[in-house]
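Student: Input: one structure, supplied below.
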Amino acid sequence: MADFSDFHVADIALAGWGRKELNIAETEMPGLMATRDEYHAAQPLRGARIAGSLHMTVQTAVLIETLTALGAEVRWASCNIFSTQDHAAAAIAAAGIPVFAFKGESLDEYWEFSHKIFEWPEGQPANMILDDGGDATLLLMLGSKAEKDIGVIAHPTNEEETALFASIKRHLAIDPHWYSKRLEHIQGVTEETTTGVHRLYQLEKDGHLPFPAINVNDSVTKSKFDNLYGCRESLVDGIKRATDVMVAGKVAVVLGYGDVGKGCAQSLRGLGATVWVTEIDPICALQAAMEGYRVVRMDEVADQADIFVTATGNVGVITHEHMKKMRNNAIICNIGHFDSEIEVASLRQYQWENIKPQVDHIIFPDGKRVILLAEGRLVNLGCATGHPSFVMSNSFTNQVLAQIELFANGHKYEKKVYVLPKHLDEKVARLHLARIGARLTELSDQQAAYISVPKQGPYKPDHYRY
């Protein structure tokens, strides 16, 4: 460790604390630990050089060490400026793994760190990407476009693009082919979250996807667990740590009723809030109504609720006009990947009073205040520590299996977006049952024949909706 300096963390002295938390997390991540045991001898990721862009948490540290245990080399950055747990990053750095992340990065630092994961020593380029939100993939693709036409980064439309475009220009000034030289070596990407998956499908639709991609998000053991049950616990954890507010008796509006929104609504109702839901999709709206939630329009209830949570993955769902109407001390937060769901930029014209890290009072001219959490970024990671280890073991076991598949068999895939096969989805679930004392019933030969499925699965067709 004395000679290792290829990292940037808040405080390397936190490594001991981080290691203790990693040891605890491993006991709650049976899927990852079983995957280490199963594949360690084969070393299926030997030769893989993975550029990782995903929240640098304790749970992610267990993922990173699983990848390296299976033979991979890894360089890592966080995919959010507020989501890093500094002791986890320190533990990874102390283990000799390059990591570039600390809680509270500036946007300029964020994009510089995103470049760092592609800057491998001795001219060895990354050949795999593990992405969360698509920023690592976007960086190489946009930079490659800018090599041919600098005009694509000439006119930033927001603060994020300003930092990104400036970072690309700096690297092009050093090497006019910085991005294309790295892009050509990438064999594939595995994408963690809904927002990043949307980007990949759009690239595929436009014919611009440069390599195969595996959509980890839509594995059942990711989206129906991480997105639903993870958010069900981590949303209120973030709100409570940030504000100490009594949720019971409050009116809460959840914007979006997908898997994430469903988990958020359940947790808020479980603590005694009256929960309303906004939706654009009639099916999701009907689901919400059948669960007993009132389905409303934001422009009609902005002045009637106490807590607002965005969970849409879209842009501008809470507007400046909505916030002008809100009650004094209304709490506004987001649990979607990017900070675009709330029009935070429109609030910069007003006075900001920082209460503590990631908690701000926005003071309007009439003296009214609203409480903005994590500056509109992920509240569960900005104001708390994200999802529990057990549910992240589901998601990250999928990630490891996807990395193994793409690295070993990427040449068999077209430049399209794929999902993991059903038998692997069921395998991930199976690996987690014993930890919670669940025992499966086994089909008899007669029963298996009657419903026309193999005794050991898969048990459902690909189109089955869990």
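From the backbone N, Cα and C atoms, a Cβ is placed for every residue, glycine too.
Not my notes, these are from Swiss-Prot:
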type: BINDING; residues: THR57, ASP132, GLU192, LYS222, ASP226; note: substrate binding site
type: BINDING; residues: 193-195, ASN227, 256-261, GLU279, ASN314, 335-337, ASN380; note: NAD(+) binding site
Student: Return the count of C-beta atoms lying within 10 angstroms of the C-beta of VAL260 (NAD(+) binding site), excluding that atom itself.
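Tutor: The Cβ of VAL260 (NAD(+) binding site) has 28 Cβ neighbours within 10 Å.
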Student: Can you tell which of the binding-site residues VAL260, GLU279, HIS337 lies nearest to ASP226 (substrate binding site) in space, using Cα positions?
Tutor: VAL260
Student: Using C-alpha atoms, which one of the binding-site residues THR57, ASP132, GLU192, LYS222 comes nearest to HIS337 (NAD(+) binding site)?
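Tutor: Checking each of THR57, ASP132, GLU192, LYS222 against HIS337 (NAD(+) binding site), the shortest Cα distance is to ASP132.
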Student: In the structure shown, which of the binding-site residues GLY256, GLY258 has the fewest Cβ neighbours within 10 Å?
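Tutor: Candidates: the binding-site residues GLY256, GLY258. Fewest Cβ atoms within 10 Å: GLY258.
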Student: Which has the fewest other Cβ atoms within 10 Å: THR57, THR193, THR195, the binding-site residues listed?
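Tutor: Minimum Cβ neighbour count within 10 Å, taken over the binding-site residues THR57, THR193, THR195, occurs at THR195.
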Student: Substrate site residues THR57, ASP132, GLU192, LYS222, ASP226: biggest Cα-Cα distance, Å?
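Tutor: Among the residues the record ties to substrate, max Cα distance equals 17 Å.
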Student: Which of the binding-site residues listed here (THR57, ASP132, LYS222) have a Cα atom within 10 Å of the Cα of THR195 (NAD(+) binding site)?
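Tutor: So the list reads ASP132.
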Student: I'd like to know which of these binding-site residues, ASP132, GLU192, ASP226, GLU279, is least surrounded, judged by other CB atoms within 10 A.
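Tutor: Comparing Cβ neighbour counts within 10 Å for the binding-site residues ASP132, GLU192, ASP226, GLU279 gives GLU279.
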Student: Sequence gap of 6 or more, C-beta under 8 Å: which same-chain residues meet both conditions with respect to LYS222 (substrate binding site)?
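Tutor: LYS222 (substrate binding site) has long-range Cβ partners GLU192, VAL216, ASN394, SER395, ASN398.
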Student: In sequence order, what residues of the same chain, 6+ apart, have a Cβ less than 8 Å from the Cβ of ILE335 (NAD(+) binding site)?
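Tutor: Long-range Cβ contacts: CYS231, LEU235, GLY238, VAL260, CYS264, VAL309, THR310, ALA311, LEU378, VAL379, ASN380.
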